[in-house]
Amino acid sequence: MQVIADNVGDNVGDIAGMGSDLFGSFAESSCAALVVASISSFGTEHDFTAMCFPLLISSMGIIVCLVTTLFATDFYEINDTKQIEPTLKRQLIISTILMTLGILLVCYLALPSYFHIYNMGSTPRGVHWWGLFFCVAVGLWAGLIIGYTTEYFTSNAYSPVQDVADSCRTGAATNVIFGLALGYKSVIIPIFAIAVAIYVSYSIAVFYGVAVAALGMLSTIATGLAIDAYGPISDNAGGIAEMAGLSHSIRERTDALDAAGNTTAAIGKGFAIGSAALVSLALFGAYVSRASLSTVDVLSARVFIGLIVGAMLPYWFSAMTMKSVGKAALSMVEEVRRQFNTIPGLMEGIASPDYATCVKISTDASIREMIPPGALVMLTPLIVGILFGVQTLAGVLAGALVSGVQIAISASNTGGAWDNAKKYIEAGNSEHARSLGPKGSDAHKAAVIGDTVGDPLKDTSGPSLNILIKLMAVESLVFAPFFAAHGGLLFKI
């Protein structure tokens with residue numbers, strides 16, 4: 001029953017959920033770029049081709065990813081399970097290199113040689129066509145760096161995950177400590193990559209540069225989603241093999257595919273989080289412009305209180321989502337126990353369990369338990385904007401962005417590392433792994449506990465923080481003129 005629920009959950013969470021998240025980032029970065037382009041010289045001179053530059057980036061990305069697919073299916077043949085992960089990673093490098101060349105072609109053909117971008121609606125910034133190429137390219141390569149950093153910290157082929165597995169020798173507590181430390185450490189390089197991408201793109205073309213940098217990071221989204229879906233598909237195949245009672249060798253193959261898929265899924269989450277940071281910053285720039293703010297001064301008391309409250313929101317949101325997962329899991333375990341106790345022959349394998357009830361528990365909980373976190377995201381900009389005004393709301397958005405990105409990366413990578421540490425012990429492909437195993441050993445039991453703790457981190461709290469920082473920015477942008485005209489009621493009193 002739990003395997004059935006796990007299979008359904010993989011499809012909902014890692015396929016539909018991650019796909020929706022990346023689609024949202026794509027749509028929002030496209031909209032942010034198009035809005036800024038409309039008030040640039042593209043819009044004033046009615047240069048339709050240049051106006052559509054963000055859409056041309058996306059179109060080139062589709063072509064590049066189709067070509068990239070051929071490298072995995074036709075140009076290289078995989079003969080061993082050890083070749084699975086390198087082949088999937090090679091897809092990212094090939095698509096990034098081809099996309100860099102494609103962007104150069106699009107920039108040269110679609111953009112005028114020199115044009116103006118307006119900074120917050122007032123000061124024009126002159127930009128050459130090759131400047132936008134660097135904006136898109138820096139986002140694209142920052143995404144690759146984030147992806148490979150994520151892979152290093154979550155793949156059991158490298159020392160970080162092997163150290164986490166080794167910590168299981170002394171129990172679950174040390175496993176949790178090592179896993180958390182790994183997650184915190186894994187934030188460093190992605191944040192530097194995002195910071196460099198923001199600085200370069202903003203220096204060249206202000207917030208339009210940031211928006212197209214986000215598009216650059218997402219331009220290879222088709223390849224990213226393909227390797228992201230690889231994990232859940234392999235995991236479901238393993239679940240079907242287990243339920244069908246197929247031979248142990250088949251289960252070993254599906255586990256090898258699943259281990260590679262877990263790493264590639266973590267890479268997909270890294271892309272989603274990095275792009276969400278750039279998208280949110282682009283939307284933040286659009287909000288500041290629409291709210292008629294010339295500067296956002298963090299030394300101002302109004303802004304600073306918003307900054308510190310905004311930094312707290314991802315923790316509040318994560319607490320809600322993690323507790324929701326715990327409550328749903330508790331209900332599931334109680335239902336499984338009830339069926340074992342009340343259905344004759346179920347323990348012996350001669351009776352069929354009630355699968356529908358287990359799936360219903362998960363689906364009902366997923367909808368019901370998302371109401372409070374959703375209300376937090378939707379109501380915060382409205383309450384802050386109406387009661388405290390646009391300056392405080394700008395602080396809330398900045399605080400949520402800065403804090404949310406860090407928590408999202410660490411939570412996603414911690415959960416992925418715990419999952420692959422467990423699979424590293426189970427596979428026993430090295431002398432070190434065999435010394436920790438086999439299944440059922442004390443080290444394996446500790447790894448299972450870490451994996452259980454990590455699932456809500458990597459599959460719920462981490463990815464969902466992208467929605468928090470993006471949706472708050474979008475809602476604030478929509479209501480910015482209203483808040484500017486009628487907000488700040490408490491300060492007016």
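Note that Cβ sites are derived from N, Cα and C of the backbone, with glycine treated the same way.
Note: TrEMBL annotation is automatic and uncurated.
Here the structure is a predicted model, which means the values were calculated and not measured.
Sequence annotations record features per position, and here TrEMBL assigns transmembrane segment to 48-71 (among others). Residues 26, 29-30, 33-34, 37-38, 42, 90-91, 94-95, 98-99, 102-103, 105-107, 110-112, 115, 132, 136, 211-212, 215-216, 218-223, 226 of the same chain sit 6 or more residues outside the transmembrane segment (48-71) yet have a Cβ under 8 Å from a Cβ within it.
Tertiary neighbourhood of the transmembrane segment (92-115): same-chain residues 40-42, 47, 49-50, 52-53, 56-57, 60-61, 63-65, 67-68, 71, 126-130, 132-133, 136-137, 140-141, 143-144, 147-148, 216, 219-220, 223-224, 227, 267, selected by CB-CB distance under 8 Å and a gap of 6+ residues from either end. Look at TrEMBL and you will find 92-115 (among others) tagged as transmembrane segment.
What TrEMBL lists as transmembrane segment is 127-148 (among others).
Taken from TrEMBL, the feature transmembrane segment covers 176-200 (among others). With a threshold of 8 Å between CB atoms, the same-chain residues lying at least 6 positions outside the transmembrane segment (176-200) that come near it are 134-135, 138-139, 142, 145-146, 149-150, 153-154, 160-161, 163-164, 167, 209-210, 213, 217, 270, 273-274, 277-278, 281, 405-406, 409-411, 413-414, 417-418, 421, 449-450, 453-454, 457.
According to TrEMBL, the transmembrane segment annotation covers 206-227 (among others). Distant neighbours of the transmembrane segment (206-227): 18-19, 22, 25-26, 29-30, 32-33, 36-37, 40, 53-54, 57-58, 60-62, 64-66, 68-69, 88, 91-92, 95-96, 99, 103, 117, 119-120, 125, 127, 131-132, 135-140, 142-143, 147, 197-198, 200, 264, 267-268, 271, 274-275, 278-279, 281-282, 285-286, 289; these residues of the same chain sit at least 6 beyond its ends, with a Cβ under 8 Å from one of its Cβ atoms.
The annotation transmembrane segment is assigned in TrEMBL to 270-287 (among others). Counting only same-chain residues 6+ beyond the ends of the transmembrane segment (270-287), those with a CB under 8 A from a CB of the stretch are 18, 21-22, 25, 28-29, 32-33, 35-36, 120, 139, 142-143, 146-147, 149-150, 190, 193-194, 197-198, 206-207, 210-211, 213-214, 217-218, 221, 224, 394, 397-398, 401, 405, 408-409, 412-413, 462-463, 465-466, 469-470, 473-474, 476-477, 480.
Feature annotation from TrEMBL assigns transmembrane segment to 299-317 (among others).
Per TrEMBL, transmembrane segment is recorded for 376-409 (among others). Listed by sequence, the residues of this chain that lie at least six past the ends of the transmembrane segment (376-409) yet keep a Cβ under 8 A from its Cβ atoms are 150, 183, 186-187, 190-191, 194, 270, 273, 276-277, 280-281, 284, 287-288, 291, 293, 296, 298, 300, 302-318, 320, 461-463, 465-469, 471-473, 475-476, 479-480, 482-484, 486-491.
Long-range contacts of the transmembrane segment (299-317) within its own chain (CB-CB distance under 8 A, at least 6 residues past either end) are made by residues 373, 376-377, 380, 384, 388-389, 391-404, 407-408, 461, 464-465, 468-469, 472, 491.
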